[in-house]
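Below: one structure, written as structure tokens.
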Amino acid sequence: MNHLTLSLRRERRLLVLLGLVCLALLAGALYLQYVKNEDPCPLCIIQRYFFVLIAVFAFIGAGVTSGAGIAVAEALIVLSAAAGVGTAARHLYVQLNPGFSCGFDALQPVVDSLPPAHWLPGVFKVAGLCETVYPPIFGILLPGWALIAFALIVVPVAVSLLRHRGRLR
């Protein structure tokens, strides 16, 4: 086996792992929603969408056999994770500035009108307000954890994409 084949196999295994981690994060959000009764707000639901997109792109990338296909999947992962960073940062800003709103009246109908909210309302339906602060986990608010997770996705995947740019064709 040559170096390129080994590199592709490693990338594919890491993409499967990334997809599983994103699904685990979504499962954690559902645990908080149904066991701890922490209702998701519009920004929470948007972050869930980004984790699902990252998982889907990761699994697609793991399933393709060409380096170019993996590179496209990784580029889509970077875009989704970067958008997740922005959403989580906005959510954190809302929670750290009392009296500020995420624009529930404007965002809620848009988020609830997306098809997945009709297919899986228990996962993608808005039920809370963005400014509601739930107890922190290890001293970090939930949007802070989401921000950390998105950053831990975007940085290494972007570095991998740039590092393997020429070799994965």
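Just so you know, glycine gets a Cβ as well, placed from its N, Cα and C.
Owing to the predicted nature of the structure, the values given are computational and were not obtained by experimental measurement.
Annotated features, as they stand in TrEMBL:
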DISULFID  CYS41-CYS44  disulfide bond
TOPO_DOM  1-14  topological domain 'Cytoplasmic'
TOPO_DOM  32-49  topological domain 'Periplasmic'
TOPO_DOM  90-144  topological domain 'Periplasmic'
TOPO_DOM  164-169  topological domain 'Cytoplasmic'
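On the 0 to 100 pLDDT scale, the topological domain 'Periplasmic' (90-144) averages 81 in the predicted structure. Here the topological domain 'Periplasmic' (32-49) has Cβ contacts under 8 Å with residues 26, 84, 87-88, 90-91, 94, 102-104, 107-108, 110-111, 114, 116-117, 122-130, 132, 134, 142-143, 146, 150 of the same chain, all six or more residues outside its ends. DSSP classifies CYS44 (disulfide bond) as helix under the three-state reduction. For CYS41 (disulfide bond), the Cβ neighbour count at a 10 Å cut-off comes to 26, with all displayed protein chains included.
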